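Database features (Swiss-Prot):
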- 32-39: region 'G1 motif' (REGION)
- 32-39, THR66, GLY92, 171-179, GLY229, ARG244: GTP binding site (BINDING)
- 89-92: region 'G3 motif' (REGION)
- 170-173: region 'G4 motif' (REGION)
- SER206: phosphoserine (MOD_RES)
- SER247: phosphoserine (MOD_RES)
- THR250: phosphothreonine (MOD_RES)
- SER306: phosphoserine (MOD_RES)
- SER314: phosphoserine (MOD_RES)
- 347-366: region 'Disordered' (REGION)
Amino acid sequence: MDKEYVGFAALPNQLHRKSVKKGFDFTLMVAGESGLGKSTLINSLFLTNLYEDRQVPDASARTAQTLTIERRGVEIEEGGIKVKLTLVDTPGFGDSVDCSDCWLPVVRFIEEQFEQYLRDESGLNRKNIQDSRVHCCLYFISPFGRGLRPLDVAFLRAVHEKVNIIPVIGKADALMPRETQALKQKIRDQLKEEEINIYQFPECDSDEDEEFKKQNEEMKENIPFAVVGSCEVVRDGTRPVRGRRYSWGTVEVENPHHCDFLNLRRMLVQTHLQDLKEVTHDLLYEGYRARCLQSLARPGARDRASRSKLSRQSATEIPLPMLPLADTEKLIREKDEELRRMQEMLEKMQAQMQQSQAQGEQSDVL
């Protein structure tokens with residue numbers, strides 16, 4: 001063996017083995033009005049049927065229903081790599097006659113996941129924290145409008161500092177190519193005008209592969225992604241393809257000349273899944289955590305925290321309900337105080353043991 005070789009070059013292999021053994025968690029939210037192909041696209045992206053048991057309400061029922069939050073989980077294994085995918089769906093969004101504040105349940109859900117993670121992170125058992133935070137939100141935009149509607153703007157403005165947003169134009173096969181490009185530019189202009197932050201692709205390093213750089217730039221330019229979903233295999237001439245057949249021809253889901261499906265799947269699965277998780281933790285979650293800590297510094301925050309109805313016993317022995325931010329900080333302080341008392345007790349016990357041992361040695365000498 002080369003005497004100059006230490007072995008640090010094998011560190012990436014260690015990390016790879018550890019990551020493969022542990023597996024990966026990813027939480028994806030889909031939002032947007034009904035009828036834009038959200039369910040079909042998700043099934044197409046992950047080649048699974050997550051909506052097998054869903055019952056589709058009729059038009060009258062949709063206009064009367066309120067927004068609900070549904071979570072569905074599935075484990076996907078490919079090439080020995082396991083991914084635990086959690087899909088957060090928002091049926092009923094934008095379907096009511098009065099859509100005022102219909103986005104608030106989504107905002108609360110995202111914040112509740114941050115709050116749960118903050119409590120778990122501040123607890124005693126930090127090794128087995130379940131990360132239920134939303135790492136990405138696919139927001140579906142209608143191809144039949146002239147850009148973002150007021151409801152779209154209100155929703156995106158409410159969540160853009162809490163989750164990675166990827167705008168998607170659903171059922172893009174309803175548009176001609178020039179119409180698609182015009183709609184994309186209109187949406188980009190509106191996002192800039194409304195100062196809405198969407199997911200920003202990281203800049204490539206100088207030593208990155210040229211093919212990856214090209215793909216990264218292509219994905220940036222294609223935002224918002226114009227997509228078509230289909231799990232049906234049709235024949236286009238002599239070859240089978242996944243797509244949709246119309247009287248005027250066939251739309252191929254995985255043909256980059258027909259839609260942006262491949263770019264969306266490449267970004268979500270192959271190239272940027274880990275970056276979406278890192279941005280969620282390092283930027284979005286840390287921003288939420290900083291706001292929690294700042295709330296303690298405001299006048300009256302201590303008084304508001306003291307009015308919490310949750311006892312210490314319920315805080316440590318039973319699952320916690322979702323609490324206001326000030327109450328969450330009270331629980332954190334209580335846990336810190338409890339840890340400090342336990343440390344003091346341990347130090348006293350050690351001092352008593354040392355004193356007893358010293359007295360025993362002294363009596364032996366006498």
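The backbone N, Cα and C atoms fix where each Cβ goes, glycine too.
Swiss-Prot feature annotations superimposed on the structure.
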| residue | record | Cβ neighbours (10 Å) |
| --- | --- | --- |
| GLY32 | GTP binding site | 23 |
| GLY35 | GTP binding site | 15 |
| LYS38 | GTP binding site | 25 |
| GLY92 | GTP binding site | 22 |
| ASP173 | GTP binding site | 21 |
| MET176 | GTP binding site | 8 |
| GLU179 | GTP binding site | 13 |
| SER206 | phosphoserine | 6 |
| SER247 | phosphoserine | 4 |
| THR250 | phosphothreonine | 15 |
For the region 'G4 motif' (170-173), the number of residues DSSP places in helix, strand and coil
2 helix, 0 strand, 2 coil
For ASP173 (GTP binding site) and SER247 (phosphoserine), what Cα-Cα distance in Å is obtained after rounding to a whole number?
13
For the region 'G1 motif' (32-39), the number of residues DSSP places in helix, strand and coil
2 helix, 0 strand, 6 coil
Within the same chain, where does the region 'G4 motif' (170-173) have neighbours whose Cβ lies under 8 angstroms from its own Cβ atoms, ignoring anything closer than 6 residues to its ends? I mean 6 or more beyond.
32, 36-38, 41, 140-143, 180, 226-228, 244, 246, 251, 258-260
Which residue counts does DSSP yield for the region 'G3 motif' (89-92) in the helix, strand and coil classes, in that order?
0 helix, 1 strand, 3 coil
What is the interatomic distance between the Cα atoms of GLY35 (GTP binding site) and the residue listed as 'phosphothreonine', given in whole Å?
21
